[in-house]
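One structure below.
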Amino acid sequence: MPDLTATASRAFSDALTVIASVEPRISDAIRAELADQRGSLKLIASENYASLATLLTMGNWLSDKYAEGTIGHRFYAGCQNVDTVESVAAEHARELFGAEYAYVQPHSGIDANLVAYWAILNAKVESPTLQRLGAKTVNDLAESDWEDLRAEFNRQRVMGMSLDAGGHLTHGFRHNISGKMFAQHSYGTDPESGLIDYDKLLADAREFKPLILVAGYSAYPRRVNFARMREIADAVGAVLFVDMAHFAGLVAGKVFTGEENPIPYADVVATTTHKSLRGPRGGLVLATKEFSDAVDKGCPMVLGGPLSNMMAAKAVALAEARTTAFQSYAQAVADNAQALADGLLRRGARLVTGGTDNHLVLIDTTTFGLTGRQAESALLESGVVTNRNSIPADPNGAWYTSGVRIGTPALTSRGLGADDFDEVADMIVGVLTGAEPVTASTGKPGKAKYTLTDGLADRTRARAEELLDRFPLYPGLTL
Ligand SMILES: *Cc1c(COP(=O)(O)O)cnc(C)c1O
């Protein structure tokens, strides 16, 4: 077996030399980013580290080919290699997730969601206007017909999780296009337990009668019962759309099985490929046969031309996700989140829902007298990279917030285990305990500024460096 890491080192090093000959500021920034990634205790729940093979697959000639359309039906000539790439990526996605159909073109998670929404509208909206017009093509429509058509599509209803309960902007948030193209109603979580209340969700759905029920989240620290979600969708005749952008790696790695695996229950599933799935930055859509034709029209109806170099990298990452090594990784992500939550709780932190059973925890920073913004900044100054996040019924609003979200996928990729995450919990509680809010100039409690006990940031940063030194990022990569 040749030393592939040494080979990759030469490949990256040579590539940077070539880039530097044109614009050295860019090759410098690429090198600096690697140094930053290596030196940061990355606990951002939506980030990860792709493999060297996946990263190397992104920079090549596939980027130069236009391939609008779909496999075997392109609007451009000469797409045989793109067809191969897209077919292999879709085959891996179908087999990894056990899906009837996979569409690997979306450029990002949000793009994947837009493809999903558009496909569901096309497959499901019964248009009296089109029926009245019978066999007429769109070219024959009068302006008044178009007005009727737009109104029919815009009358559709979507129901997703609210932002402060952990949902995503694209699940019907009023300032997002999803909240403008649909009438929307959001469901929250139980105020006591912080968990999804499926009975209340069913009652709300009966009243609101959505066309689309959206399940999935960015900041909910628990598993979802997709069998219950399916029952609710069926009870009101809704399409079940699952956005598994955050937890796709736990589905791929068979940590979420049975009723926690969305694929057998959902009509359409969308995801990113760069979060817990550990692939290149991008998205994909899985669907049942009923929706496959509509999803397949994603490009050019919703998306620009496919990024074939990125589809190639998706194929490589999806092939990696089909290995038993990836299953061990996914299990470690969940075990580490458990260790982190236990460590935080033992040291007196309050967690939304009281813990976790996925890859993330949400700390309520108000018990430390801090806003999410102050907590995030104090942790960052101490070398601990997290992000602030709203918590249910957040007293500080969506900008300052009252929580920090902490995820295990990235550091688990570096090899940290349960004991190491207990150490991380100790560092986090130490910083939050040693941080004090600074009163604002108005005399009101400040929401942005804080002070830290003398020397605490330096001491914590030294501990973070020691931990990171024990788990090098890309060991053997000489760059
Ligand atoms: C991250 C995320 C997205 C968006 O992904 P992008 O690639 O940033 O567009 C969509 N939905 C959910 C639930 C997410 O967590």
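Using N, Cα and C of the backbone, Cβ positions are placed for all residues, glycine too.
Because TrEMBL annotations are produced automatically, they should be read as predictions rather than curated entries.
Quick look at what TrEMBL annotates:
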BINDING   LEU163, GLY167, HIS168, LEU169  (6S)-5,6,7,8-tetrahydrofolate binding site
DOMAIN    21-123  domain 'Serine hydroxymethyltransferase-like'
DOMAIN    155-428  domain 'Serine hydroxymethyltransferase-like'
MOD_RES   LYS275  N6-(pyridoxal phosphate)lysine
SITE      HIS274  site 'Plays an important role in substrate specificity'
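Applying an 8 A CB threshold to same-chain residues 6+ apart, the list for the residue listed as 'N6-(pyridoxal phosphate)lysine' reads ALA45, SER46, GLU47, ASN48, ALA245, HIS246, ALA248, GLY249, PRO409. Among the recorded positions LEU163, GLY167, HIS168, LEU169, HIS274, the ones whose Cβ sits under 6 Å from an atom of ligand 1 are, in sequence order, HIS168. Residues near GLY167 ((6S)-5,6,7,8-tetrahydrofolate binding site) in space but far in sequence (CB under 8 A, at least 6 apart, same chain), listed by position: GLY160, MET161, PHE173, SER186, VAL214, GLY216, TYR217, SER218, TYR220.
Of all Cβ atoms in the shown protein chains, 23 besides its own fall within 10 Å of the Cβ of HIS168 ((6S)-5,6,7,8-tetrahydrofolate binding site). All protein chains shown were included, and the count of other CB atoms within 10 Å of the CB of HIS274 (site 'Plays an important role in substrate specificity') stands at 25.
Note on the binding-site residues LEU163, LEU169: the fewest other CB atoms within 10 A surround the CB of LEU169. Each residue contributes its Cα atom, and for HIS274 (site 'Plays an important role in substrate specificity') and LEU163 ((6S)-5,6,7,8-tetrahydrofolate binding site) those atoms are 21 Å apart. Under DSSP, the residues of the domain 'Serine hydroxymethyltransferase-like' (21-123) split into helix, strand and coil as follows: 59 helix, 9 strand, 35 coil.
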